[in-house]
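Feature annotation from Swiss-Prot assigns domain 'FAD-binding PCMH-type' to 35-200. The active site feature in Swiss-Prot is assigned to Arg180, Glu299. Annotation comment: Swiss-Prot describes 211-236 as region 'Disordered'. The annotation compositional bias 'Basic and acidic residues' is assigned in Swiss-Prot to 211-226. Taken from Swiss-Prot, the feature active site, proton donor covers Ser229.
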Amino acid sequence: MALFPDLVPELKAAMPQLRGRLLGNEPLAPLTWFRVGGPAQVLFTPADADDLGYFLAALPRDIDVTVVGVGSNLIVRDGGLPGVVIRLGGRGFGETGTDGDVVSAGSAALDKRVAEAAAAAGLGGLEFYHGIPGTIGGALRMNAGANGRETKDVLIDASAIARDGTLHRLSNAEMGFSYRHSGADPALIFTSARFRGEPMDRAAIRARMDEVQRHRETAQPVREKTGGSTFKNPPGHSAWKLIDAAGCRGLRVGGAQVSEMHCNFLINTGSATAQDIETLGDTVRARVKEHCGIELQWEIKRIGRALD
């Protein structure tokens with residue numbers, strides 16, 4: 001049984017020139033790394049940036065819009081998402097390229113692929129992206145970083161489309177970056193970005209990337225259904241150490257568990273619901289607060305509504 005009224009026929013009729021794909025009541029769980037969550041009332045996959053702009057300009061303003069990438073840092077709640085979920089992908093948003101010391105990437109390009117494109121051109125400084133399991137769109141939105149580097153350290157500018165379909169370009173300063181956060185208008189949908197690399201020896205760059213990958217595979221539960229780092233590191237502290245000290249290593253709620261390998265990762269052991277995972281996260285936060293007085297902040301984005 002469909003959770004939401006079908007908006008697809010109405011939208012198709014209002015947008016005769018649309019080239020992207022519209023699907024109604026489309027399951028989102030297969031599109032997230034946790035493999036949990038309800039459906040999107042409408043899932044739209046635009047053909048390219050022009051198609052996205054056309055769609056947004058024609059979309060009634062009272063319909064909510066949510067953007068998802070590869071779903072690596074995301075919990076979709078079990079009741080799904082009303083309105084339109086936009087998923088960027090394919091050739092229209094996944095391309096990468098280099099020109100001199102500039103690396104360009106579509107917002108659907110995997111962070112890892114951007115690091116590899118830079119390395120192939122002999123450009124360093126972006127190796128940290130090799131260990132981040134997401135896309136450039138997500139990296140822009142949350143100032144993604146690892147190994148002492150962040151998106152703000154390498155970004156030149158980003159292109160985005162507003163809710164009314166207009167195109168915008170934001171400089172690094174206009175992005176309003178802070179720790180795991182961008183102050184850019186939440187309604188903007190990033191479509192591409194440019195980064196500044198540093199000319200370096202290709203072998204040295206590859207060695208750094210290999211080290212990043214080795215660290216990730218030995219220290220993080222990369223083979224599990226997980227959303228990546230769950231909580232932001234509080235100033236002066238490591239979230240995983242606080243979680244471990246509060247006795248939460250291996251803690252379970254339903255089919256969700258705090259990873260034994262890395263305490264700042266929650267995993268779906270196979271039968272978890274989105275509610276299990278979110279409840280586990282909130283339980284961890286409460287125990288850490290009780291143990292040391294520090295309130296952990298979610299790094300994973302949680303969207304949608306609970307199942308009635």
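Placement of Cβ uses the backbone N, Cα and C atoms for every residue, glycine included.
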Glu299 (active site) CB neighbourhood, other CB atoms within 10 A:
20
Report, in whole Å, the straight Cα-to-Cα distance of Ser229 (active site, proton donor) from Arg180 (active site).
11
Tertiary contacts of the compositional bias 'Basic and acidic residues' (211-226) (same chain, 6+ residues out, Cβ under 8 Å):
33-35, 127-128, 130-131, 133, 146-147, 259, 261-262, 265-270, 272
Would you mind splitting the region 'Disordered' (211-236) into helix, strand and coil residue counts from DSSP?
9 helix, 6 strand, 11 coil
Residues near the residue listed as 'active site, proton donor' in space but at least six apart in sequence (CB under 8 A):
Asn73, Ala239, Asn264, Phe265, Glu299, Ile300
Protein Cβ atoms within 10 Å of Arg180 (active site), excluding its own:
19
The domain 'FAD-binding PCMH-type' (35-200) [mean pLDDT, rounded to integer]:
96
